[in-house]
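Heads up, the thing below is written out as structure tokens.
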Amino acid sequence: MSISTKQATDWGGRLTGVGAGEAKGTAKREGIWLEAEEPHHNQNRKSCSHILLRISFQILLTALPALLLGVTEAILLGFQHYLVMLGTTVFIPTALVPQMGGRNEEKAKMIQTLLFVAGLNTFFQTFFGTRLPAVIGGSFSYLPATISIVLAGRYSEILDPVERFEKTMRGIQGALIVASTLQIVVGFSGLWRNVARLLSPLSAVPLVALSGFGLYEFGFPLVAKCVEIGLPQIIFLLIFSQYIPHWIRGERAVFNRFAVIFSVVIVWVYAHLLTVSGAYKNAAHQTQTSCRTDRAGIIGAAPWIRVPYPFQWGAPTFDAGEAFAMMATSFVALVESTGAFIAVSRYASATPLPPSILSRGVGWQGVGILFSGIFGTGSGSSVSVENAGLLALTRVGSRRVVQISAGFMIFFSILGKFGAVFASIPSPIIAALYCLFFAYVGSAGLSFLQFCNLNSFRTKFILGFSVFMGLSIPQYFNEYTAIKGYGPVHTGARWFNDMINVPFSSEPFVAGFLAMFLDVTLHKKDTATRKDRGMHWWDRFRSFKTDTRSEEFYSLPFNLNKFFPSV
């Protein structure tokens, strides 16, 4: 077979970067003669495909180390997301299971179930929902309504603790299954798309900012429960993520990307040394629970291998009042997740969420709540705010990384003993991570101020009033509940109380609702006001098709956009 000199030059230069002379020599060595030098009696010439195969193999060997390094980095980043979401996953069962009558065995199973469902929901959200790198896990927003079910009178008469736990869980499952229909209908019908179109950068500031800043009670107050390990965690996290990258400049951002792993390992080992050395031997019970690394009680209770399955606690039971209360809670979680989705899109370097994509994500989040009810997690699902903050810390907004973290969630939920080891990290260490991540999410909301006119008194009024009331009203409701044991709205119908008390106890809900209401009702249809609100910047993102980059970030896989088009 003969090839021309030009062909040999093209192959050599394009695949290996060599010149025409070298390409010609390589061709001769491989038994492929150039057209001008082809002998008449040579019968043992090799095919052209053989040299291409050898050159391709050399290129693969050259690129293999970089490929392996990229895969390793993605796996470690995914493991970091898994570590960060463990905090909420452990906090929720820790708060609920003792009140439900459960033991450490039920607590371990509930954590496994939460992890398993979180992995499923994250996969669905990243593949078919917004397609943003958002982790979907358990939510603190559902705790008041869930605790209301736990304290219902019909369960207090059950003497057997395990029976009481299972029957209470079945009541929670029924409420979650009914509540899931709200987000499914609002999301997939496009109703939330119409609401999202009323958002402007101005009204997004309080909503997104308080989605992060509003969780301050889960930050330093929990760190202070064991300040000798919580404070070092904050210090090490700041050193690895903020200072070392400035002191040591390299080609790869190793320290700030893996600051969570480095700092958690160091402080966790330090906490374990304090535990085994007897530092907390004579400490108070609360101190031992917060500081010791051997008091979680889930490593011994967790099974080696267990696959969570639907209706594992029994058939769900339904109560109309509890279902309505859970639907109100689901709506609050919907508003909070909207703020978190916006923060995720900001830190993932994606374009602002088109309303239709946000509505699609809400619909799949409703499916996630349905899974929570079917499997029995004890809590509904929403966007993990702490993982949104982790995107800012690592500066890696990769969908694949979050999907790898979902794989870790499912893997460790099945291998219970191994997952329980990581779940036993002392809570002050996790709370120290929250101090940074919640701050990042809050600052994502503040970043929208750059699109607003801060010299406008209208802008100043809406921002100041909505943020202040978003902090003040929930503070009153939460403080009243802490002192009295019940909320300001206190009637004989517990479900009605929850429908009023839960929304007004949420900082992002109050601030976001007020900001949007004031922004819309104080709206003047003139160009100056639109610019003050930042709408001149957000207009082109109000539809999926008006910006060409939407296809890159939000289009469905497997060419599904043909069957489920976005508008």
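Just so you know, glycine gets a Cβ as well, placed from its N, Cα and C.
What TrEMBL records for 1-21 is region 'Disordered'.
Residues or ranges marked as transmembrane segment by TrEMBL: 51-71 (among others).
Counting same-chain residues at least six beyond the ends of the transmembrane segment (77-98), those with a Cβ under 8 angstroms from any Cβ of the stretch are 106-107, 110-111, 114-115, 118, 135, 137-140, 143, 146-147, 150, 165, 218, 257-258, 260-261, 264, 296, 298, 378-379, 384, 386-387, 390, 394, 396, 398, 401-405, 407-409, 412, 422-423, 425, 427, 430-431, 433-434, 437. As annotated by TrEMBL, transmembrane segment applies to 77-98 (among others).
The annotation transmembrane segment is assigned in TrEMBL to 110-128 (among others).
Residues or ranges marked as transmembrane segment by TrEMBL: 134-153 (among others). Listed as Cβ neighbours of the transmembrane segment (134-153) (distance under 8 Å, sequence separation of 6 or more from its ends, same chain) are residues 81, 85, 88-89, 91-92, 95-96, 99-100, 114, 118, 121-122, 124-126, 168, 171-172, 175, 215, 218, 319, 322, 325-326, 328-329, 332-333, 336, 340-341, 344, 361, 365, 368, 377-384, 387-388, 402, 405-406, 494-495, 497-498, 501-502, 505-506.
Look at TrEMBL and you will find 174-192 (among others) tagged as transmembrane segment.
Sequence-distant contacts of the transmembrane segment (254-273), counting only residues of its own chain at least 6 positions beyond either end whose CB sits under 8 Å from a CB of the stretch, comprise 73, 76-77, 79-80, 83-84, 229, 232-233, 236-237, 239-242, 244-245, 248, 291-293, 390, 393-396, 425-426, 429, 432-433. The transmembrane segment annotation in TrEMBL covers 254-273 (among others).
Per TrEMBL, transmembrane segment is recorded for 401-423 (among others).
The feature transmembrane segment is assigned by TrEMBL to 429-449 (among others).
Outside the transmembrane segment (461-477), and at least 6 residues removed from its termini, the chain residues within Cβ reach (under 8 Å) are 202-203, 205-206, 209-210, 214, 449, 452, 487-488, 501, 504-508, 510-512, 514-515, 518-519, 522. Taken from TrEMBL, the feature transmembrane segment covers 461-477 (among others).
Sequence annotations record features per position, and here TrEMBL assigns transmembrane segment to 504-522 (among others).
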Fill in: Beyond the flanks of the transmembrane segment (504-522) by at least 6 residues, Cβ under 8 Å
141, 144, 198-200, 202-211, 213-214, 332, 335-336, 338-339, 458, 461-463, 465-467, 469-471, 473-474, 477-478, 481, 487, 533
